[in-house]
Amino acid sequence: MSNRYSRSEKGKWVSEASRTPTRKPSSQGRRAPILLPSSDNSKLIEDNKLTLLGRVTKPSIQKPQWVLEWLIQFWNLETAVTGRTLGPDLFQVKFETEDALLSVMRRAPFHYKRWMIILQRWEPIVSNSFPRRTPFWINIHGLPLHFWTFQILETIGKALGVHMDEDIPQGRVRVEIDCLKNLEMQLPVQLQSGEVFNVDLEYGNLQKHCFYCYSLFHEEDDCPSKPVSTRTSTHELGISQQNTLRSLEDHRRRQDSRRAPTSQMRNSGSLPRDDHAVSQRSTTSRPSYPERRPYHDYARHQSSYDPRAVGKAQDRRPTFERRELRDHSSTHSSREYHLHGDRPQYSQSSRTPPPNPAREPMELPPLLREKISAGEN
């Protein structure tokens, strides 16, 4: 009994990690980067100069492959367009002509599923934040009319981003905006007299974005910059936010109007569905559409009459039944004929003149009758 071993000596209740010897952390750290050799890539740069790079702002909803296919169909260009995805949120589009590429960029910005798409012409640079800019038409509100000049609009455009064009009669500028940063909705300007005032900026075709920090990548309910205590509170909306809400409401109404005829046909005689009045799609959940009914439910509301089927069903009756039906119908029709009297030969309202009366028998002279009777005898 004196030769018993303790638990530590037996190794009981000892984890496997404690049994294996611990390794000291390597002092080498990360692997040294591989030095790429210099090469002539001028031909590759020339081949890709007609390329656009795109970035989605809501990857959970905007799958790059879906966005790419939809954009090519939406542009409807005469020349060929090729594209491919570059990851979970990037894609590229290659054009055949310069005119096709410029015609697309003149129509920017674009959006898919009501979320914005960042589309920028390719440049031979190395950056994880590329692409980041996309063009917007920006209306300037609050600027006096006598300041709508080329110099002033150009100065405001350069302050916002890469100035591209201006529309003096409409008081707006075309600017490439850095979409990875929060948008600016107001801009302070100073006159030569020293007076300072703010002008409001209205972004054309701006869809879903945060109404608190003005980011394109989330909505206000998911804004990390907004304090939790104030997430349920409302605040005054700017011009761009009001336009966005109006655009989303118009889109929802169009969707409801498209579903209305189909839902009325399918649900005729039933109570109205509450999910038809669903609010605008949120960023945290999928849109709730009316629940689809099985196909056999629709068949119950459709007419089952088929003249071909009726005819075939009658033809499948036994021969003696068809003969009895034919005899019964002929007897029934003859009874009706005797009950209602002689059938009129002509319609009472017919304008056709009546037929000529029957001819009277001809009277032969006496001598001719005697000769005929004598010849017969």
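Any Cβ shown, glycine's included, is placed from N, Cα and C.
Automatic, uncurated: that is what TrEMBL annotation is.
Bear in mind that the values here come from a model prediction, so they are computed numbers and not experimental data.
The following features are taken from TrEMBL:
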- 1-13: compositional bias 'Basic and acidic residues' (COMPBIAS)
- 17-29: compositional bias 'Polar residues' (COMPBIAS)
- 247-259: compositional bias 'Basic and acidic residues' (COMPBIAS)
- 260-270: compositional bias 'Polar residues' (COMPBIAS)
- 289-300: compositional bias 'Basic and acidic residues' (COMPBIAS)
- 313-343: compositional bias 'Basic and acidic residues' (COMPBIAS)
- 368-377: compositional bias 'Basic and acidic residues' (COMPBIAS)
- 45-124: domain 'DUF4283' (DOMAIN)
- 1-39: region 'Disordered' (REGION)
- 224-377: region 'Disordered' (REGION)
### Query
Do you know the mean pLDDT across the domain 'DUF4283' (45-124)?
96
### Task
Run through the compositional bias 'Basic and acidic residues' (247-259) and tell me, per DSSP, how many residues are helix, strand and coil.
13 helix, 0 strand, 0 coil
